[in-house]
Amino acid sequence: MKQLVTTDEMQTLDQHTITEVGLSVDVLIERAALASLEVLGAGNYDLSNVLVLVGLGNNGADGIALARLLHQLNIPVTLQFVGNVNKAKDTVKRQLKIAQACGVPRSEKSDFKQASLIIDAIFGTGLNHDLPDGLQKMVKAANHIESTVVALDVPTGVDGTSGQVMGAALKAKTTICFAFGKAGLFKGQGKKMAGQVLVKDIGIVVPNDFKFSTNN
Ligand SMILES: NC(=O)C1=CN([C@@H]2O[C@H](COP(=O)(O)OP(=O)(O)OC[C@H]3O[C@@H](n4cnc5c(N)ncnc54)[C@H](O)[C@@H]3O)[C@@H](O)[C@H]2O)[C@H](O)CC1
Ligand SMILES: [K+]
């Protein structure tokens, strides 16, 4: 098996790549979106009506960038925010500005049944406590109608290190992990929620003296 990481390790490597190496976070986000686009293009996914669910952190920024790339390929795609955009990270606000300039459609409330494919870009490695109640309800509703979901990096609601479900989790058919597989997707509940796990390079740089906690 390939090298796995905890969410703390991934955050350390992200920060090293951004602050020490000098690759900007926006470049990493674009690479994550391009890698995801490649997976969607190569797989057997129904792209007739894609719904991208977007959170307020960098996982959400990956999702907005992916929505823009799909839109520019004339693939029908809609963005739906989960949470108050005014409270989003600057990366999300920057991506949203670009998406708006490119005319990516946005909806306030979507019917999951109408979507041919849901992209889960709500929470990734940054999840640090149980999902809010409203989001738990939304996730359970989506699981109930068995929508096809592709999760970016980590299925929303799964702790990327332990695999524990934080209140509720959005069950994915495929999870696209950026840079390294997240350890929690290979154990316990996390394994069930992640579906097929694919790992894609996004240009993260690992310092020579970096010690991974798990060796595979
Ligand atoms: N870090 C990077 O340089 C890159 C990360 N990539 C992608 O981004 C996510 C991780 O992003 P991050 O902003 O750290 O966290 P999330 O988007 O997962 O979460 C957002 C934010 O939400 C807060 N939060 C956590 N738990 C809760 C909760 N239960 N309810 C409400 N709010 C919550 C917390 O403050 C989080 O920070 C990673 O998975 C990648 O997909 C890029 O790919 C490249 C660069
Ligand atoms: K996600």
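Along the chain as shown, the residues are counted starting at 1.
Each Cβ is built from the backbone N, Cα and C atoms, and glycine gets one as well.
Automated prediction, rather than curation, is the source of TrEMBL annotations.
Because the structure is a prediction, the values reported are computed rather than measured.
What TrEMBL records for the (6S)-NADPHX site is Asn58, Asn59, Gly60, Ala61, Asp62, Gly124, Thr125, Gly126, Leu127, Asn128, His129, Asp130, and among Asp26, Asp90, Asp153 the residue it adds there is Asp153. Record check: TrEMBL places Asn59, Asp120 at the K(+) site, and the matching candidate among Thr19, Thr91, Thr156, Thr161 is Thr156. With respect to ligand 2, the binding-site residues Asp62, Asp120, Leu127, Thr156 contribute Asp120, Thr156 as residues with a C-beta closer than 6 angstroms to one of its atoms, given in sequence order. Spatially close to Asn59 (K(+) binding site) yet at least six residues away along the chain are Ala121, Ile122, Phe123, Gly124, Thr125, Gly126, Leu152, Asp153, Val154, judged by Cβ distances under 8 angstroms.
Residues Asp62, Thr125, taken from the binding-site residues Asp62, Asp120, Thr125, are distinguished by a CB atom under 6 angstroms from ligand 1. Cβ neighbours of Asp120 (K(+) binding site) (same chain, under 8 Å, six or more residues apart in sequence): Leu53, Gly63, Val149, Val150, Ala151, Leu152, Pro155, Thr156, Leu170, Ala172.
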